[in-house]
């Protein structure tokens, strides 16, 4: 935590050990995923031969082409994008309204409500699986994108509200008072003052919501069939093909992971800031 | 506009807005979270097996009594205990280690920290696929490496031997979940004022001593938070078990944790009522575990402050 303290010695064993440990850690964090990428661009035969053969001339994107040409797989991709975006928009819209209300008006029961938001995080999805399935079936929403989006919204909203309340709490109310006196409505204040001021927190929360919706497997597996199936459900099915087609499984894995991975890395500054300001208190 | 209205009118308006603003989110959560929760509880009071729908009847708390004498359930609880022992204690210790490691000054620190987001962003299903590729018994690279190094002379059947499969599962979960906890650790480490370390090292405290006497006590609140979060994640683990074991929780049930058993009971054995009671039991366990950490570490916190 602090080789700022104390003078540097000539050959600092601790320093060398530290750098080695960091290098190992970086390899540990990154290589498993990169390995899957490597698998996705070589024919299965290369990976089954012993020793494995990684001749650059064998490099191929054939499996990507194959999957992008598979209408079922492409539909699951579109589904994932639609569900991810729609869930995020709904969560941020309803979530920031509710969070603003809890943060600013402190109505009776608002603290209990906030506590409840945290408690629902403890509820495993399996508890709700059958009831949700029955509910969706009765409303004709089984295997529909609408049903999935609504379900995700309900699961992700508590976390969104929890995070947004902590960001809103850190914004001084004086600015809002000024805007109110200038004739701004509550909604106007929220839209023009509060949300812009909580920018990084807002962005981080939206990314959390998107990644959670995109990555879910369990609920999607239970609430969808061939029509509204999402990428994780489709990709999970590839594990059955392991004996025959490594490359397809690896390729589906890369396609499922890449969008959220890219999003996380592009938005890393907001995410890290969001964690620092919001998530950990104490 | 504000000048002419009375205060109470403004307050009333505020209240109306507050209720209006919280309603849509509240309704969504109530309809798709609270209602199903109540439904699940009611379901747990029924004997309802889709294989024998004609035998459906209300049995009250009998399903919960059945849980206590169900060897499969108790075995899955023990398995979950082992899994949690490694992923929670091992995982949080590892996360704090990573956090401390990446909190020191060195070139490339920012990049190393960002890379902690890689496992976090990889969807759990993909995480399962990834480790299944690596630990495949016939063609996996784990075996290639071990054989090249001469540690084993035959391929190890990682995903066919019960204990090894559980080991792979633990390894996969720790890889995915702990780096994010490390990020939280770093966030909290940065709030420890640097000058207390400076003072300590002037007083002759070694780095080991500084870690035990200053860093850890300052991290107590964060560690409690990490233990709670990781316990919840560990008890609820599902996706990677599904992918690693082809949806079976095998071999020989070795990776059937309580959560997975509840899934199998509900969706494979179609024993919906009993499955519901099992899920509710898991929920209670999760809440008890979280409360346990809060009481344990929360109380000690007060003692040290006194």
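Backbone N, Cα and C define each Cβ position, glycine as well.
Annotated features in TrEMBL:
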| type | residues | note |
| --- | --- | --- |
| DOMAIN | B:77-295 | domain 'ABC transmembrane type-1' |
| TRANSMEM | B:17-42 | transmembrane segment |
| TRANSMEM | B:80-102 | transmembrane segment |
| TRANSMEM | B:114-135 | transmembrane segment |
| TRANSMEM | B:241-264 | transmembrane segment |
| TRANSMEM | B:276-297 | transmembrane segment |
Please work out whether the transmembrane segment (B:276-297) lies in contact with the transmembrane segment (B:17-42), by counting C-beta pairs under 8 angstroms that are 6 or more apart in sequence and asking whether there are at least 3.
-> yes
Count the CB pairs under 8 A between the transmembrane segment (B:114-135) and each of B:17-42, B:80-102, B:241-264, then give me the winner.
-> B:241-264
Folded-back contacts onto the transmembrane segment (B:17-42), same chain, C-beta under 8 angstroms, at least six residues removed = 276, 279-280
